[in-house]
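*Asks:* TrEMBL lists 99-151 with the feature domain 'PepSY'. Under the heading signal peptide, TrEMBL lists 1-20.
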Amino acid sequence: MRKSLVTLALGTLLSGAAVADTMPTTPPSNTTSVPETALTQAQVETQIANAGFKEVRGLAFRGGIWHADARGGEKDWVDVYVHPLTGKVFQEGAPSPLNKQEIEAKITAAGYQGVEDVEFEDGLWTAEAENGKGVKVDLLVDPDDGSVIGESDD
């Protein structure tokens, strides 16, 4: 009897460790609406101007990030995206120091599962994955550090 209780207790402990090992360490954020700590529209416009753009049109918050068309001087209009919390400006056509596999690894490390359709477009990485709740979501990912900027329902 005592031997079976020890075996049962040991088995329970080991299975708990295995389950804990597969759970995400950080729950993914869901930023489909403007968070309370997000930058205001005026602050976002200032960030875009500080990045060297003189004109901005169509500024809107969607998909977890600020988006606008902008241009500096006589240059063509380009898509720009602004991180809702940090104000970091991402510009269409800018390169990414991280490759597709590195971005996929960063997304997985952030607690997302089943990462697929990882693509670099308009200066940002996009991907599809399941968040910590098992919901299929579209992600926007920072091209410089691989952090998830925005999450919206797929």
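Glycine is no exception: its Cβ is also placed from the backbone N, Cα and C atoms.
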*Asks:* Find the average pLDDT over the domain 'PepSY' (99-151) in the predicted model and report it.
*Replies:* 95
*Asks:* With DSSP as the reference, give the number of residues of the domain 'PepSY' (99-151) in helix, strand and coil.
*Replies:* 10 helix, 26 strand, 17 coil
